[in-house]
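Some notes on the structure that comes next.
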Amino acid sequence: MKLISTIAAATTAFGAPNADHTSRQLIFGGGIIPSGTKTYTAGIRTSADGDTYCGGSLISPTHVLTTSICTGYKEPKFVSVGTHYLNGTQDGEQIKVVSAQNHTSLNFSSGTYDFALLTLEKPSKFIPVKLPKADDSDIKPGMWSKAMGWGVTSYPNGSLSYELQGVSLEVWANDECSQVFNIGDTSVCAGGLPGKDACVADTGGPLIKENGLGDLDDILIGLVNWGYGCGDAGSPTVYSRVSTATEWINSVTKGQ
């Protein structure tokens with residue numbers, strides 16, 4: 001199984017799909033998230049008003065959680081927190097990134113502990129998303145989750161969505177997903193229904209559990225990571241399992 005390069009992953013968002021292990025960078029088969037909701041969702045950019053090239057989640061007033069491809073493919077210079085749009089400064093907050101660090105146990109070859117934290121120049125006014133419990137009790141096989149991003153809405157030749165999109169996906173048990181992909185405990189799989197998926201301009205974006213009636217109850221359970229194809233029946237997307245990184249996250253966010 002070959003992990004395509006980060007540059008190639010971005011290229012395939014507009015060209016022919018890579019049939020191999022593909023970094024997931026789009027949302028399709030879903031719908032538009034209402035403006036002014038899910039405002040913990042962050043777009044990672046190289047300029048304040050430029051296009052979002054990766055997704056992330058505000059997990060403290062001064063930290064955005066994403067995946068390592070988002071710190072390696074391009075330099076993350078700004079995040080747009082609370083925005084509904086792919087680019088521009090018409091809403092949300094555009095905040096400068098002052099540092100980026102990958103998980104201390106990140107293994108590029110196996111894909112374990114694929115997490116990165118961006119530290120912001122100033123606190124965001126938006127409310128961070130809740131982190132899951134470290135005991136993994138917030139994830140149950142068969143539960144429904146939601147992935148979000150600004151990626152293309154059709155595959156393979158779609159264009160990026162100007163508005164934030166979301167799609168509902170069923171969570172798989174790891175032993176079930178292990179029959180399809182070689183994954184470990186730091187991953188979680190979701191999806192597998194035809195035409196509904198995360199795929200090839202929003203890696204690092206959130207997979208959430210909607211735990212109540214409002215966004216304040218949402219729990220961040222995963223980060224868009226990789227998979228084979230897009231929206232194929234029986235082929236889910238692999239997400240970084242956030243519960244396995246809570247100790248590291250807390251050590252960074254509380255130490256700064």
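Numbers run from 1 along the shown chain.
Every residue, even glycine, has its Cβ placed from backbone N, Cα and C.
The secondary structure of CYS70 (disulfide bond), as reduced to three states from DSSP, is helical. Under the heading disulfide bond, Swiss-Prot lists CYS54-CYS70 (among others), citing sequence analysis as support.
The disulfide bond feature in Swiss-Prot is assigned to CYS177-CYS189 (among others). Classification of CYS177 (disulfide bond) by DSSP places it within a helix. When other Cβ atoms within 10 Å of the Cβ of CYS177 (disulfide bond) are tallied across all protein chains shown, the result is 21.
Swiss-Prot lists CYS199-CYS230 (among others) with the feature disulfide bond, giving sequence analysis as the kind of evidence.
Summarising the annotation, Swiss-Prot assigns domain 'Peptidase S1' to 27-254 and lists sequence analysis as the type of evidence.
Look at Swiss-Prot and you will find ASN87 (among others) tagged as N-linked glycosylation site, backed by sequence analysis. Every protein chain shown contributes to the tally, and the Cβ of ASN87 (N-linked glycosylation site) ends up with 18 other Cβ atoms within 10 Å.
There are 18 other Cβ atoms within 10 Å of the Cβ belonging to ASN102 (N-linked glycosylation site). Classification of ASN102 (N-linked glycosylation site) by DSSP places it within a strand. The feature N-linked glycosylation site is assigned by Swiss-Prot to ASN102 (among others).
Counted within 10 Å of its Cβ, the other Cβ atoms near ASN107 (N-linked glycosylation site) come to 12, all protein chains included. When secondary structure is read from DSSP and collapsed to three states, ASN107 (N-linked glycosylation site) falls in the strand class. The feature N-linked glycosylation site is assigned by Swiss-Prot to ASN107 (among others).
Summarising the annotation, Swiss-Prot assigns N-linked glycosylation site to ASN157 (among others). Around the Cβ of ASN157 (N-linked glycosylation site), the number of neighbouring Cβ atoms within 10 Å comes to 10. Reduced to three states, the DSSP call for ASN157 (N-linked glycosylation site) is coil.
What Swiss-Prot records for 1-15 is signal peptide, and it gives sequence analysis as the kind of evidence.
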Position of peak Cβ density within 10 Å, selected from the disulfide-bonded residues CYS70, CYS189, CYS199, CYS230: CYS199
Rounded inter-Cα distance in Å - CYS177 (disulfide bond), CYS70 (disulfide bond): 25
Nearest of the recorded positions (ASN87, ASN102, CYS199) to ASN157 (N-linked glycosylation site) - Cα to Cα: CYS199
